[in-house]
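Inspection log for the structure reproduced underneath, given as structure tokens.
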Amino acid sequence: MMLRGGCQRVGARLRGLRRGPRGPADGARRGVVSCIDPSMGLSEEQKEFQKVAFNFAAREMAPHMAEWDQKELFPVDTMRKAAQLGFGGVYVQTDVGGAGLSRLDTSIIFEALATGCTSTTAYMSIHNMCVWIIDRFGSEEQRHRLCPPLCTMEKFASYCLTEPGSGSDAASLMTSAVRQHDHYILNGSKAFISGGGEADIYVVMCRTGGPGPRGISCVVVEKGTPGLSFGKKEKKVGWNSQPTQAVIFEDCAVPVANRIGDEGQGFLIAMKGLNGGRINVASCSLGAAHASIVLARDYLKVRKQFGEPLANSQYLQFQLADMAARLVASRLMIRTAATALQEEREDAIVLCSMAKLFATDECFAICNQALQMHGGYGYLKDYAVQQYVRDSRVHQILEGSNEVMRMLISRSLLQE
């Protein structure tokens with residue numbers, strides 16, 4: 001379907017726990033309505049593309065996520081298959097190859113995909129954010145030149161904001177772009193760039209003017225441009241199916257025609273991109289948490305101690321119930337924020353901040369508790385739950401750390 005535009009291992013059932021879930025839609029196949037069913041409240045059309053995303057995650061991602069993690073493989077071919085379903089430009093306009101879906105639709109899709117591989121889906125969410133920036137703020141020439149190969153994921157994109165000396169204080173970035181005739185000469189470096197070295201298009205925030213946010217502009221730097229180079233591939237706790245490298249500019253000449261928007265508009269563009277990025281990464285946390293609950297539930301049914309299944313322990317039952325409640329609460333917050341962002345409401349920024357803060361904190365805690373329920377087995381890389389823990393941890397840091405989310409929320413309250 002194309003989108004619119006113990007002590008012993010217990011046979012096959014326990015082997016399934018090692019591989020990870022084939023998709024949280026397993027309850028639906030048995031005719032059982034799960035209390036954590038992510039399709040509740042969705043339209044029939046949304047349920048259809050959600051099903052497509054879950055099936056893709058189960059067939060094309062979950063069987064390979066451990067290998068991608070352990071061998072640090074960037075699954076280019078798999079992502080291009082996902083792009084054939086419209087997942088390369090989910091909320092990009094259809095005239096440049098996007099699916100033209102809403103922010104809520106996007107959250108639904110990324111949650112489903114993240115059950116198959118959270119790390120890969122998170123990269124795809126960043127790629128989507130970059131394509132949206134070009135689609136939303138670029139000229140018609142830029143949109144039609146750059147977006148189509150990005151929507152098919154023939155080309156990949158990276159978002160370049162963070163620098164070695166400017167993380168949460170993004171407006172203090174130092175990468176300079178000095179205009180010389182019809183080019184900008186870039187000097188500086190970006191840190192922790194997802195897709196660094198592999199991506200073809202780098203959406204770069206750089207300083208064309210004075211200090212502060214108004215001196216920042218946005219330019220597209222294409223791979224192969226003289227003066228563009230990359231640092232070493234970082235060794236990370238999680239997110240190993242996507243490379244992370246520094247992006248370095250040394251007298252890198254970029255055509256002025258590659259500037260997105262006006263001079264001085266870059267910080268605004270960066271922040272508008274991040275509002276959606278926060279919803280996207282929080283949705284990836286939902287997928288990891290959902291998959292972890294399914295794994296924990298199934299493990300509790302299989303694993304026996306003191307002569308009976310762990311599922312008979314009321315303490316563990318209550319923990320599982322709390323995990324389910326926190327998952328559903330997170331999902332509701334994310335979907336509320338996604339709708340506000342789509343409608344361009346005044347409260348969208350703070351709702352996105354709240355959703356990102358709450359969901360990434362709670363979903364990481366869910367994944368971590370699911371690991372604890374597995375006991376010693378949860379600490380083995382044979383079992384998928386540990387990968388969901390590692391891959392979801394960084395969501396509390398990136399796209400604006402959760403401390404910054406608290407700053408934005410409190411500022412909004414105090415200004416009332």
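Numbering starts at 1 and runs along the chain as it is shown here.
Each residue, glycine too, has its Cβ placed from N, Cα and C.
Lifted from Swiss-Prot, the feature list:
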TRANSIT   1-23  transit peptide
MOD_RES   Lys51  N6-succinyllysine
MOD_RES   Lys51  N6-acetyllysine
BINDING   159-168, 192-194, Arg303, 313-314, 372-376, 401-403  FAD binding site
BINDING   Ser168, Asn275, Gly276, Gly277, Arg278, Arg411  substrate binding site
MOD_RES   Lys232  N6-acetyllysine
MOD_RES   Lys272  N6-succinyllysine
ACT_SITE  Glu399  active site, proton acceptor
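Structure coloured by features recorded in Swiss-Prot.
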residue : record                 : DSSP class
Lys51   : N6-succinyllysine      : helix
Gly165  : FAD binding site       : coil
Ser194  : FAD binding site       : strand
Lys272  : N6-succinyllysine      : helix
Gly277  : substrate binding site : helix
His374  : FAD binding site       : coil
Arg411  : substrate binding site : helix
By Cα-Cα distance, the member of recorded positions Lys51, Gly277, Arg411 nearest Tyr159 (FAD binding site): Gly277
Densest Cβ neighbourhood among Ser168, Asn275, Gln314 (binding-site residues), 10 Å radius: Asn275
For Gly277 (substrate binding site), the one of Lys51, Lys232, Gln314, His374, Glu399 that lies nearest, given that the recorded positions are compared by Cα: Glu399
Which of Gly165, Gly276, all binding-site residues, has a Cβ with the fewest other Cβ atoms inside 10 Å: Gly165
Pairwise CA distance, Arg411 (substrate binding site) versus Gly165 (FAD binding site), rounded so that it is a whole Å: 24
Those recorded positions of Thr162, Gln314, Glu399 having Cα within 10 angstroms of Asn275 (substrate binding site): Glu399
DSSP three-state assignment for Gln314 (FAD binding site): helix
Three-state secondary structure, Tyr159 (FAD binding site) (per DSSP): strand
Neighbour tally for Ser194 (FAD binding site), based on other Cβ positions within 10 Å of its Cβ: 24
Cα within 10 Å of Arg278 (substrate binding site) - qualifying recorded positions among Lys51, Thr162, Gly165, Glu399: Glu399
